[in-house]
Every structure is written in C-alpha cells, then in structure tokens.
C-alpha cells in the first residue's frame, strides 16, 4: 500500500496528487483553508482479491461474473467537512492493467459497503484510451476501474434483423456476380471491379453470418478474424476504386464508352485492391498478433481495432470527397445548355447512382462508431440494416437500373420461354414415331 498526502496552497485551482501511474485531482473549492489537504492511497494487490464478480449492475440484482478489475484499487479522502456529497467532483486518473477489447467497456466504480460490492452510483467516465481511464466521482471512497462486456443482454431483435439482412444481401451479391460473370457483353474494367467488390463483400458477409461467433477454438477464431480483417479492407479498397471510376465517368461525360474501355488499368487496380489490405494486415499481425479474436466474437480487440478503423476512415474520406465532386460536376452539367450527356434521363440516372454509391461505398460504417453509449441500440439497428443490405444496393444500381443488364435479362428469359415449347413439341412428335416403328 502506498500513501501520499498534500496540503492545499493559499492560491490554487486544483490540487493534484500523483502516485506512480495513478493520480487524484481535487478542486480547491473543497479545501477552503490552507490547512486542508488530501490523502491518496493506492493498494498494489487488492485488485486481484476484489474481482469484478462483485459488480452490482443497476439493471438487475445479479452479479456480473465476466467483469474484471482493470486498475489498481485506490482510495481518496480530504480533511475538510465535505465528505459525502461533494460540490465539485474529484477526478481519478487510473492506469489500465490490460487493454479492453472491442467487446468490453470500462466502468468507474466504488466499493459500496451496504451492497458489499462495486457500484457505479455517482461515478462517470470522462475519458478513456488504451492506457488510462479517467473517472469523475461526486463522493470519496475506494475506487477502481471495472472492465465488463459492452452488451450485458443480447438483443434478439437485432440478431434477427442482422441475419435476415445478411441473407438478402448474400442473395443479391450472388445474383450480381452471376450476372457480371455470365454476360459476356458486359465484360469491361468496370464490371471486373464490380466482380472483385461483390466477391469481397460476399465472402465477408458469409464469414460474419457463419464464422463471427466461432470463439470456442482460439486458433481458428484468430484465423477467422484475420481473414475477415483482410476481406473487409479489400472491400473498402475496391469501393474506393469504384468511387474513382464513378467520378471519372461523370467527369468524362461519356459513360458507355468509358465504362467499356480502359481494361488495361485493371491489373493496376488489382495490385491496389488486394495489395494494400495485405500490407496492412501483415503489419498488424506482425506487431500484435494476439489482437485477432476476442472472447465474444472472432474480430479485432481494442488494441488492434484502429488497424481497421484507420484505413476505413481514410477510404470513407476519399469516397465522400469524390462523391461531393461528382455531385458538383452533375450540377454543372445540368446547368449547361451544351451538355454532352445524351439526355436528362441519363443524367438523373447518374445522379441516382452517385446517391446510392454513398451507401455502397460503406459510408454507413460511420454509424458503427456510435454503437456504445447513448443511442447505441438505434445506431446498431441503423448500422446493421444499412450495411447488411449493401448487396441489395449493388444489385439495384448496377443490375436492375442498368439498361444493358436489363436487356440481357430479357434475352435470357426469352430463350427460356422459347426452349420450353420446343422441348414439348419434340417429346410429342417422338412418341408417335416410336409407336409406329413398334407396330410395323
């Protein structure tokens, strides 16, 4: 146990007591006279005895058996008369003992003798990062940081929405891949990019649907997390390349010619689309391989999550910038009386594609940054719906709203309609001939 004391100077705003990597900050309003002071105590090994199983959640009377104490246990006291309800909160800077992963949340707690356990009453987190957690409390007692699961209760409705949305998205992505691969008249650099994009999204959503929660095998879970990390980064990289192509298409104002040409650029696009994510994942795995896989799902923990969120932020920024420029170019062309766009209908279609592209390019992943805290349920539903239906957006924009693709669909169904009567005619004519030969 370490003890540190400090007396308030005559003129001060805050009194700070440092002890190793932990500290306590007291407002001088609580220390009205120069004789008043504060005491800060740090217990070195008490955190291992007072485990997180003593956490008393406000949502129910049951203890949280999966919570752990993630800081040294500290105590604070002041010599003035303000003891119970402080008019100014006291701030504690506590060093994290381990890095919380993406499935966990930190809680500031104090030891409640009435409950014989940890309680959150009167304590809030004002800041948290990988190394430290800052707690603000309106009373003085014995404090610590508890690391608990982010979602104590599983949301069954969100799980159902996610499974339905992912199933619909996988079906649409499969139909899109089938369309782009089988229709030879559609082959171009543009459709090759779409095939790569749809393939990455299809594999990624397939892993999310069937492999995200395979946490019983640690090595397999780490491999799944690494594959998902790489595939999703590939998808975002191809989304960015698709955004570049959309911008160049609108800028050149010759959609059909441009989309069916420039095939020589596809090898370069493959090098970027698959190579850049490979470098990011290789560096991440080399620096912190233990960051792949958590206790809740086969994904990245908090120490490694920015190896995904960082590139995603860059991709979203590029996509948003290109989308704004695309809309600006469309506005200029609509205002021009000598526009090279063949018709207003085609221009409106380009504008709609640009609008739908906002969803296809993964801008809705911004909602994923707000899935903890206030409004987490609403953000989770919006994030799940928008992202799980990316396949539907791709199928709508690049297949159903594409005149050339619709024409290929008509030809396909027309051939099916013609083949069916022919087969019936052939079968009907062969039967009498067989009977005739048998009787002769």
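Note that Cβ sites are derived from N, Cα and C of the backbone, with glycine treated the same way.
If you average pLDDT over the domain 'GAIN-B' (1-153) in this model, you get 78. The domain 'GAIN-B' annotation in TrEMBL covers 1-153.
What TrEMBL records for 158-402 is domain 'G-protein coupled receptors family 2 profile 2'.
What TrEMBL lists as transmembrane segment is 157-182 (among others).
What TrEMBL lists as transmembrane segment is 194-211 (among others). Packing against the transmembrane segment (194-211) from elsewhere in the chain are residues 163, 166-167, 169-170, 173-174, 176-177, 180-181, 224, 227-228, 231-232, 234-235, 238-239, 242, 269-270, 273, 298, 388, 390-391, 394, 398: each is 6 or more residues past its ends and has a CB under 8 Å from a CB in it.
The feature transmembrane segment is assigned by TrEMBL to 217-248 (among others).
Sequence annotations record features per position, and here TrEMBL assigns transmembrane segment to 269-288 (among others). Beyond its flanks by at least six residues, the transmembrane segment (269-288) meets 189, 192-193, 196, 226, 229-230, 233-234, 237-238, 241, 303-304, 307, 311 of its own chain at Cβ-Cβ distances under 8 Å.
According to TrEMBL, the transmembrane segment annotation covers 308-330 (among others).
The transmembrane segment feature in TrEMBL is assigned to 350-370 (among others).
According to TrEMBL, the feature transmembrane segment maps to 376-401 (among others).
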